[in-house]
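K.L.:
Just lifted these from Swiss-Prot, have a look:
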- 8-50: zinc finger (ZN_FING)
- Cys8, Cys11, Cys31, His36: Zn(2+) 1 binding site (BINDING)
- 51-93: zinc finger (ZN_FING)
- Cys51, Cys54, Cys74, His79: Zn(2+) 2 binding site (BINDING)
- 229-271: domain 'CCT' (DOMAIN)
Amino acid sequence: MASSSRLCDSCKSTAATLFCRADAAFLCGDCDGKIHTANKLASRHERVWLCEVCEQAPAHVTCKADAAALCVTCDRDIHSANPLSRRHERVPITPFYDAVGPAKSASSSVNFVDEDGGDVTASWLLAKEGIEITNLFSDLDYPKIEVTSEENSSGNDGVVPVQNKLFLNEDYFNFDLSASKISQQGFNFINQTVSTRTIDVPLVPESGGVTAEMTNTETPAVQLSPAEREARVLRYREKRKNRKFEKTIRYASRKAYAEMRPRIKGRFAKRTDSRENDGGDVGVYGGFGVVPSF
């Protein structure tokens with residue numbers, strides 16, 4: 001609250017709470033009711049609340065984060081203080097036309113009404129005392145759910161625990177949000193009756209009825225006796241002793257074929273290329289076949 005509030009331009013004795021744009025006058029609640037209810041023309045004057053910070057100028061915007069009406073100067077000073085305040089959402093102030101009483105203030109009238117007329121500040125997440133939610137889904141048709149299972153051929157070897165009939169009560173949403181402790185009975189909205197003889201729907205497939213068992217698939221560690229370990233070490237040492245580091249030819253036929261192939265500058269070449277590089281008279285006798293001589 002500012003140290004010195006602006007006085008009403010009409011009575012000069014009470015702090016002004018709003019500003020009339022048509023009359024360009026700062027008025028208190030009593031004077032506003034007297035002036036703007038005198039005739040129909042005066043009732044159409046636009047009025048806005050004063051700034052809630054300085055209380056010296058008409059409000060220009062409404063800050064949704066602070067829920068406060070601010071003038072141009074206070075809006076600039078407050079929302080330029082730090083980066084967090086710069087992200088506050090502000091909307092232009094909405095003028096009103098109804099006369100207000102002396103008890104009504106700007107903080108009580110700051111509301112964020114969307115285009116559909118819904119009150120955003122009255123959040124549905126905040127519960128008020130005395131509110132009782134009775135059957136939120138009363139407009140929907142919920143048939144009774146009956147979950148049953150059939151015993152398999154082996155008797156009582158069912159995998160799924162038997163919870164057979166689930167009936168939804170109509171009034172299971174009757175709970176008081178203002179209660180300090182939620183009783184355990186508030187959650188007993190499902191009437192469960194366990195019966196293994198009134199079973200209609202099989203929970204376990206009839207073909208096979210195989211139960212899934214969790215087995216340990218890890219490979220067990222091989223435990224060797226000292227004698228077995230000593231034998232393995234000896235075999236390894238014998239193999240290492242007989243190792244030969246000489247060059248071995250794996251494919252002798254490939255090596256022989258590679259030695260027979262013609263080469264040009266160390267690279268394999270086709271036989272036609274080798275004939276041209278031999279300097280033979282290929283141009284004259286190129287079209288004639290070579291007759292082998294015996």
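Placement of Cβ uses the backbone N, Cα and C atoms for every residue, glycine included.
Bear in mind that the values here come from a model prediction, so they are computed numbers and not experimental data.
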K.L.:
Measure from the Cα of Cys74 (Zn(2+) 2 binding site) to the Cα of every one of the binding-site residues Cys8, Cys11, Cys31, His36, then give the nearest.
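P.N.:
Given the candidates Cys8, Cys11, Cys31, His36, the nearest one is Cys8.
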K.L.:
In whole Å, how far is Cys31 (Zn(2+) 1 binding site) from His79 (Zn(2+) 2 binding site) when you measure between their Cα atoms?
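P.N.:
Between the alpha carbons of His79 (Zn(2+) 2 binding site) and Cys31 (Zn(2+) 1 binding site) there are 33 Å.
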K.L.:
Could you name the residues, excluding Cys8, Cys11, Cys31, His36, of the same chain that surround the Zn(2+) 1 site, i.e. Cβ within 8 Å of the Cβ centre of those residues, in sequence order?
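P.N.:
After dropping the recorded site residues, what remains is Asp9, Ser10, Thr14, Ala16, Ala25, Leu27, Cys28, Gly29, Asp30, Asp32, Gly33, Lys34, Ile35.
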K.L.:
Would you mind listing, in sequence order, the residues at least six apart from His36 (Zn(2+) 1 binding site) in the same chain with a Cβ closer than 8 Å to its Cβ?
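P.N.:
For His36 (Zn(2+) 1 binding site), the qualifying residues are Cys20, Ala42, Ser43, His45, Arg47, Ala99.
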K.L.:
Across all chains shown, how many C-beta atoms besides its own are within 10 angstroms of the C-beta of Cys74 (Zn(2+) 2 binding site)?
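P.N.:
Its Cβ has 22 other Cβ atoms within 10 Å.
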K.L.:
For Cys8 (Zn(2+) 1 binding site), what is the tally of other C-beta atoms lying within 10 angstroms of its C-beta?
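P.N.:
The answer is 21.
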K.L.:
Rank the binding-site residues Cys31, Cys51 by how many other Cβ atoms lie within 10 Å of each Cβ and give me the one with the fewest.
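P.N.:
Least crowded of the binding-site residues Cys31, Cys51, by Cβ count within 10 Å, is Cys31.
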